[in-house]
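Everything on this sheet refers to the single structure shown next.
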Amino acid sequence: MCGIVGFVGRTSVPDRDYFALDVVLEGLRRLEYRGYDSAGVAVVADGAVSFRKKAGKVQALEQELETSPMPQSCLGIGHTRWATHGGPTDANAHPHVVDGGKLAVVHNGIIENFAELKSELLGFGHNFVSETDTEVAATLLGHIFNNEANKDLTRAMQLTCQRLEGAFTLLAIHAETPDRIVAARRNSPLVIGVGEGENFLGSDVSGFIDYTKNAVEMDNDQIVTITADGYHITDFQGNHAEGKPFVVEWDAQAAEKGGYEFFMEKEIHEQPAAVRDTLMGRFDESGKLTLDELRIDESTLRSIDKIIVIACGTAAYAGHVARYAIEHWCRIPTEVELAHEFRYRDPIVNEKTLVVTLSQSGETMDTLMAVRHAREQGAKVIAICNTNGSSIPRESDACLYTHAGPEIAVASTKAFLAQITATYLLGLYLAQLRGNMFADEVNAVLGELRTIPDKVSAVLDGVEDQVKTLAQDMKDATSVLFLGRHVGFPVALEGALKLKELAYLHAEGFAAGELKHGPIALIEEGQPVFVIVPSPRGRDSLHAKVVSNIQEVRARGAITIVIAEEGDDAVEAYANHIIRIPQAPTLMQPLLATVPLQIFACGVAAAKGFDVDQPRNLAKSVTVE
């Protein structure tokens, strides 16, 4: 939620044909996927701060800049805002400019004590023109800059942050310190980009990936001052601190659409590579599974007596899939918790509990808070994450990175498959370590996992046109139901979520066994129902029961869309539409059956003319509670 960009460069660099405004606007475009409702920029030039801001998309801001240009500069900041305090208006957009027009501030997060601070600042004679907590933070910073910090912007930021409560990232520039940006972070993302004769700040590396792949992750409660020649990090008290350098593993081209109409469509097609890259490098020369990233003592992992998977949204459904596999392979009781519920229900967690978190961005605030709570109770935490340099891996005991590459579309696709793959690897590793499975059994499952990338490609090649046609035909549906059993149940939940997110229509996923306990009342003539059918080569009773469920809804007038593996003839008599996927063991099926549901949701949204990559009201990275 919200995107932040900062740039400082030398005034004269050979062969450089861009200025601060170019860098900042490009960074904001790269960060659009995070979700926003207004945008703004500010630069320091000729001893003054110049700024523009506009409700709406970055394109609206660019149109404003065409009619009202800003001066060239080598220092600037930019922001895309997701409204929390105050509506999405020009006045509430960032940057907020105070101190007689000399100080510009952008902010991501929520200042929880802003009302108290605002009252105090009103007492000092300051006035406010917006409804935002950001203007309060900016005014406090300006007040301290002039009255307590001897006009030292870094010191003023340190003193300001000591007064603020909540989660925030702040970037500030001042006309009287025209060579630097000062930034702070607490429980909100901020990454430093390191160039030659220029340096950058961003909510994530997408904000500066066009210019450098060298980055530095900051810790919590830190402040950084960047100039053209370097950066310096302190804590909020002014003590010297260090960041952790890393190199971004992908380039700007990976964050382009690459010929596809939508980022989501591209990312659906990148899923074979996402699974393959998540598997890569996690086996020794003999083929044995080795997870070197798990910096947790083996004796500790052997003593685990409970696993809790913590996540939100799509990642939580990946966790539900993983639960079936982990319990089956490891024989360890496994729970799946929504992060925002976990913290508030007094969960039973101790030193024999292993917490596994799933987060694509690594910045999901509810999940981050759950990590801290779990560790306070003595649990070990393993993060499964797609973003290097993010907060959740840094605060966990170990991390398995999914290596899925940048996921730009708000609705998650390839991260979901990569998360399932990574949790499967973790489950197999624990089973191997604890002696729950023989080596040949582990190798057999790994062999099946290695076939998944090609099978996902086969799904894409085999059913994409069929599913897109179905989506076009069903674009006027007002409600769609999804049914599944066993691992097909969380797939049904994910299919429903995708349709809600993208097509803005009622969609619900149910455990098929619950039909007669209530949901069957929703079935009427013409009701579309997707059914995920388990392999007939698995538990016969499971397959037979799902076929029976198809018969039940079909008999009541439902339009049945069945996802079944090749060769499963039992469904043909009861399906209006059959989407065929390659044969795979039951636990592998979610990695295949999910793909047509992603294509369907994308197709319905496109047919309705909706923004596929940036659905209304949604943000890619939910960085506030």
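Along the chain as shown, the residues are counted starting at 1.
Cβ coordinates come from backbone N, Cα and C, glycine included.
Here the structure is a predicted model, which means the values were calculated and not measured.
Residues or ranges marked as domain 'Glutamine amidotransferase type-2' by Swiss-Prot: 2-229. According to Swiss-Prot, the feature active site, nucleophile maps to CYS2. According to Swiss-Prot, the domain 'SIS 1' annotation covers 296-436. The domain 'SIS 2' feature in Swiss-Prot is assigned to 470-615; the stated evidence is sequence analysis. The active site, for Fru-6P isomerization activity annotation in Swiss-Prot covers LYS620 and rests on sequence analysis.
Between the candidate active-site residues, CYS2, LYS620, the densest Cβ environment within 10 Å is the one around CYS2.
Across the domain 'Glutamine amidotransferase type-2' (2-229), mean pLDDT in this model comes to 92. Calculated from their C-alpha atoms, the gap between the residue listed as 'active site, nucleophile' and the residue listed as 'active site, for Fru-6P isomerization activity' amounts to 10 Å. For the domain 'SIS 1' (296-436), DSSP puts the residue distribution at 65 helix, 28 strand, 48 coil. For the domain 'SIS 2' (470-615), the DSSP counts in helix, strand and coil order read 73 helix, 29 strand, 44 coil.
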